[in-house]
Amino acid sequence: MERLLVLARHGQSEWNLKNLFTGWRDPDLTEVGIAEARAAGRRLKAKGIRFDICFTSALTRAQRTAALILEELGQPDLPTIADEALNERDYGDLSGLNKDDARARWGKDQVHIWRRSYDVPPPGGESLKDTVARVLPYTMREILPRVMRGERVLVAAHGNSLRALVMVLDGLTTETIPGLELWTGVPLVYRLKADTTVESKEVLDKDA
């Protein structure tokens, strides 16, 4: 029985382009982001991958990425569940600020700690630890059981919400996970064993 789980970070958003902290704010994809999402769908199609269900966040950039991937796969009507449990990390008072402006205001070292530490939240926001505590229970309750039943699952979400899943799947530590880069529009294809450990992982980048 195939136990397929594909993780895809949304394509470039308007605020990614402007170098703004986004979090739970809701900008749309750029033209580049749309192209990235479509390319992700084509790479999945070239691998013969199809899905039984899709999970995404409550934010437009992830939902549009999911829809564009599924359109490229010829599955535009696939059941899709959107839940804020899969939302990006909440950047609190940093949300909407240019990252360079934030460094000028608080200092580059402090902003680096907020961005890349595991358990230090920005003012009014979530740490990566907080995000993991939000994402993992939902995943264990709603997503993983479907994968283990043999359903082929797509999760289109965000850099930090997906880091929570990759941390568990890849067995990464709280020291290494904050520095993990997940590229926009690049699917990670996991196949799991019966004990939920990873049988194989493939990164479908531009050369896949």
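For all residues, glycine too, the Cβ spot is worked out from N, Cα and C.
Annotated substrate binding site per Swiss-Prot: 9-16, 22-23, ARG61, 88-91, LYS99, 115-116, 159-160, in sequence order, evidence recorded as sequence analysis. The annotation active site, tele-phosphohistidine intermediate is assigned in Swiss-Prot to HIS10 on the grounds of sequence analysis. Annotated active site, proton donor/acceptor per Swiss-Prot: GLU88, in sequence order. What Swiss-Prot records for HIS158 is site 'Transition state stabilizer', and it gives sequence analysis as the kind of evidence.
Within 10 Å of the C-beta of GLU88 (active site, proton donor/acceptor) we count 27 further C-beta atoms, all protein chains included. For the residue listed as 'active site, proton donor/acceptor', the nearest of the binding-site residues by C-alpha distance turns out to be ARG9; the candidates were ARG9, GLN12, LYS99. Sequence-distant contacts of GLN12 (substrate binding site), defined as residues of its own chain at least six apart whose C-beta falls under 8 angstroms from its C-beta, comprise LEU29, THR30, VAL32, GLY33, GLU36, THR184, GLY185. Distances between the Cα of HIS10 (active site, tele-phosphohistidine intermediate) and those of the recorded positions GLY23, ARG89, LYS99, HIS158, GLY159 are shortest for HIS158. Long-range Cβ neighbours of LYS99 (substrate binding site) (same chain, at least 6 residues apart, Cβ-Cβ under 8 Å): ASN19, LEU20, PHE21, VAL111. Counting every protein chain shown, 18 other Cβ atoms lie within 10 Å of the Cβ of GLY159 (substrate binding site). DSSP classifies ARG89 (substrate binding site) as coil under the three-state reduction.
Reported as a whole number, the C-alpha separation between GLY23 (substrate binding site) and HIS158 (site 'Transition state stabilizer') equals 9 Å.
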